[in-house]
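Below is one structure, written out as structure tokens; comments come after it.
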């Protein structure tokens, strides 16, 4: 029985196999005869083909270097070593080609990098590299030659742009009363106003809502007012404060002007990328063009770039490097940075292209302060220092003196002492004098246009202020010292001689007004919780203020004379910031200024007469203003009465014919009251 079943099973299995073969033939995935595939290689092999060599890959990585020395075979190897040393800094060199003719090189070479980005970096940084007195490299991408060869012969004349007349950008200097302007931000930043200063009350010039999103800043000479916006910076100026220029820099937070007002530096933490540095941008103010972008290190302090006094150079410090750039090219001076191991800080002289920097101690090598002349990079003075903890550089406004505040720990002692190293910059070989103080230093400040400096030292509550004078023979004399001062900041008048000792914030706004000609305290006052002190550019007035940004109540600014007499108290809702508008340097020579000071008594009589006339003028202006207000009220009253009478018919219809005007009038209950006020006038006899 089992044997009889076997054939049947075999037949069944064979039948199943034949069915499977038939199904496989019906489901065949083979292409029919004559089939043409319309799928491209890019669709099938896109991930592989994207890495295939491109025709332009090699060309994009090739640079051409001109003005290379022409040498023979005996010096070719040496030339190659020099070229590799210079250009390998920008990336890996894969090929070099030195064309030759008649036994020497032709003066230009071809270099190929591993990546196009490396070639672009070489062009950017090596173009203009000075090899020696006779050879300055000109570096271009090889692809640039094709680009410039296909330029057509036809030239399209650019459209002439209309001239934008912004008016007189220094119109505020022509004020007949020689007043100064200042900006005020209040209502927690929603409103910004510009005022003329006046003894009685500020005179408004311009007021706008949401003029800036954070704060404002004046340019160094007062020409422009900068406002901050999420999309960038706007500059305003002229009599009506029209928009002069705008710079698009998303998320900008900080700015800085060059001293010459030609360039603007902006910083945004949002824009930086590895491919295109945009964290810091330097702009040309006149054209609005982006001159150059830079990366920003996370540990940097603003301003990252520091400008020379004339705006010709700017510099930045990175690890063991001081990079100095020149304008208008925005390239590195001499195409290379200064390698200064351990450099901690640097500062430009306000009176010349001299840069000061200091380096801390390193094992047995002492700390040193170096003065270097630019652009020659000549060291004009080096000062070695020992046991140094920290140094601070303080320049006098004219660059006549440099004070290096040196904190050090003498051997064998646990405490710290401070030396003031005074460099006399205008004398041969730059002699240095030293003042030593054992107290802790709170503040130091030079007299702007003189040879005195003030120091706050000690600890609360025994804080002292000392005044020193640098004599012509180099001797530093202590003029005066006051004990028990409530101050943590020194504010010199821009013209010198007078200063304010202020105890800001935690010291509750204590103020001392000092005349340093004889070191007398002219007045002691207080502006409770004051956060800021601002001198006007002429040194006539001082403003103290309580900013809403630091203290949420009692927000106001007070105006004082330089002698400490309070003139005004101006309360502004959520007052934030006040800044005086700077003035450009005087056009008068020093001899002319001395002559004016000599004849000051003669001019003072004229000024006193003008003050009296201004008071009389103010009274007349008050009368005219009140008359104008009365006329405005009368006009409005007549218009309202006319409208009221025109609507009487409609009122009667609404109220069913009842004249409610008569019901509500109650004329018999009215009381009439007359108010009189008297305005005095001063009559000044004019002598013939």
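The backbone N, Cα and C atoms fix where each Cβ goes, glycine too.
If you look up Swiss-Prot, you'll see 1-43 marked as region 'Disordered'.
Summarising the annotation, Swiss-Prot assigns compositional bias 'Acidic residues' to 10-26 (among others).
Residues or ranges marked as compositional bias 'Acidic residues' by Swiss-Prot: 33-43 (among others).
Marked as domain 'RRM' by Swiss-Prot on the basis of sequence analysis: 61-144.
Residues or ranges marked as repeat 'WD 1' in Swiss-Prot: 164-206. Averaged over the repeat 'WD 1' (164-206), the predicted model reaches a pLDDT of 93.
What Swiss-Prot records for 208-246 is repeat 'WD 2'. Residues 166-172, 183, 185, 189-194, 252-253, 255, 257-259, 261, 264, 266, 285-286, 288, 537, 576-577, 579-585 of the same chain sit 6 or more residues outside the repeat 'WD 2' (208-246) yet have a Cβ under 8 Å from a Cβ within it.
Annotation source Swiss-Prot lists repeat 'WD 3' at 248-293.
Per Swiss-Prot, the feature repeat 'WD 4' maps to 297-335. Long-range contacts of the repeat 'WD 4' (297-335) within the same chain, counting only residues at least 6 positions beyond its ends with a Cβ under 8 Å from a Cβ of the stretch, are 125-126, 128-130, 254, 256, 258-260, 262-263, 265, 267, 280, 282, 284, 291, 341-343, 345-353, 355, 357, 374-375, 377, 399.
The repeat 'WD 5' annotation in Swiss-Prot covers 338-373.
The annotation repeat 'WD 6' is assigned in Swiss-Prot to 436-492.
As annotated by Swiss-Prot, repeat 'WD 7' applies to 525-570.
According to Swiss-Prot, the feature coiled coil maps to 589-640, an assignment based on sequence analysis.
Annotated repeat 'WD 8' per Swiss-Prot: 635-680, in sequence order.
In this chain, the repeat 'WD 5' (338-373) lies out of contact with the repeat 'WD 6' (436-492); the count of Cβ pairs under 8 Å, excluding pairs fewer than 6 apart in sequence, is fewer than 3. With DSSP states grouped into helix (H, G, I), strand (E, B) and coil, the domain 'RRM' (61-144) comes out at 32 helix, 26 strand, 26 coil. Here the repeat 'WD 3' (248-293) is broken down by DSSP into helix, strand and coil counts: 0 helix, 19 strand, 27 coil. Sequence-distant residue pairs (6 or more apart) of the repeat 'WD 1' (164-206) and the repeat 'WD 7' (525-570) include at least 3 whose Cβ atoms are under 8 Å, placing the two stretches in contact. The residues of the repeat 'WD 2' (208-246), classed with DSSP into helix (H, G, I), strand (E, B) and coil, number 0 helix, 21 strand, 18 coil.
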